[in-house]
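After the structure tokens below, expect a handful of questions from me.
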Amino acid sequence: MASTLFSTARYSDSLTVVGISVCTALVCEAISWLLIYRTSSYKSLKSSIDKASKKLETMKTSDATAVSSNLIKKSSRTKKIDRVETSLKESSRDLSLFKFKSGAVVALVLFMVFGLLNSLFEGKAVAKIPFVPIRVVQKMSHRGLLGDDMTDCSMAFLYLLCSISIRTNLQKFLGFSPPRGAAGAGLFPMPDPKSS
Amino acid sequence: MRERKSGKSNLQQQSQESDHNSHSSPFKLAKLLDPDATWDKDQLCDVLHWIRQALALVFGLVWGAIPLVGGIWFLLYFVLSTTIIYTYYAIVLKIDEEDFGGHTALLQEGLFASVCLFLVCNLHISSFLKQVTSNLPT
């Protein structure tokens, strides 16, 4: 009886966390659209980054296939590539700064939501992980939980997983993903932090 | 010798058209299985991203429903989804990966979000089934 109640509560808890993550993602994107995405500054910066990165790709591709070994031509091509790269980096930096200023509001919303979830689910396992995570991950997955069962999943870990998956896909779906040419789109691209 | 489609001439053509619109050609569903179709880097990466998310959803639900417990199954999902993505762009679409940033750029598209989505689906299904089975009369 106790284990039934426990598993029932845990499943509804995990659904609650997912539901709140979805709502938070929608609210954050709405705020970001109001403060960032619909502004002309953002649109012009994004457009210049897209153009610069496409131009850079074309120049690097034609540079790689160039037959001529003329040193003067090579150095002028290299200088042009350097100029475009510098312009791309400056535009990316300006975009980051622009988003950072407006992202403070979204950060406040996220902080409040996390505080609410923490107060609701502190010390409670909201789900069961199907394997024992590695030690580094356990610090997050077993955060605030009692006992030695490392397959118990804390609210913070589930919320993190939901946030990353839901927000990344939502941004992609709405077309609010950061431009690919912008700096910081590495091996593990996270949802755009400046808008969240 | 396997034929590879080069995107170089496409890249130059697309750069000329990019001033007019952000996508060089309208996207059609038939393009997804057409090895002769021309691809813009953004379009291809978007398609690979959504395929990864669909695979994460399907594998997460199936793995959780069976249920497959253990880290080895998580690794198996990772290997399977990467293999499917590679097979899709290298064999079905016959893409020359050098023109789209290399294997790393194509394989990592949507990877992190898909891993998180897989875990979320897996957690939920296995928790739900645990609840159902614990409610069954003995």
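Yeah, the Cβs are placed from backbone N, Cα and C, and that goes for glycine too.
Pasting the feature list from TrEMBL:
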REGION    B:1-25  region 'Disordered'
TRANSMEM  B:47-66  transmembrane segment
TRANSMEM  B:72-93  transmembrane segment
TRANSMEM  B:105-125  transmembrane segment
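Describe the structural surroundings of these features, if you would.
A Cβ distance under 8 Å defines the sequence-distant neighbours of the transmembrane segment (B:47-66), meaning residues of its chain 6+ beyond its ends; these are 32, 73, 77, 80-81, 84-85, 88-89, 106, 109-111, 113-115, 117-126, 129.
Long-range contacts of the transmembrane segment (B:72-93) within the same chain, counting only residues at least 6 positions beyond its ends with a Cβ under 8 Å from a Cβ of the stretch, are 5, 33-35, 37, 39, 44, 48, 51-52, 55-56, 59-60, 63, 103, 106-107, 114-115, 118-119.
Same-chain residues lying 6+ beyond the ends of the transmembrane segment (B:105-125) with a Cβ under 8 Å from its Cβ atoms: 44-45, 48-53, 55-57, 59-61, 63-65, 67, 74, 77-78, 81-82, 85-86, 89, 95, 97.
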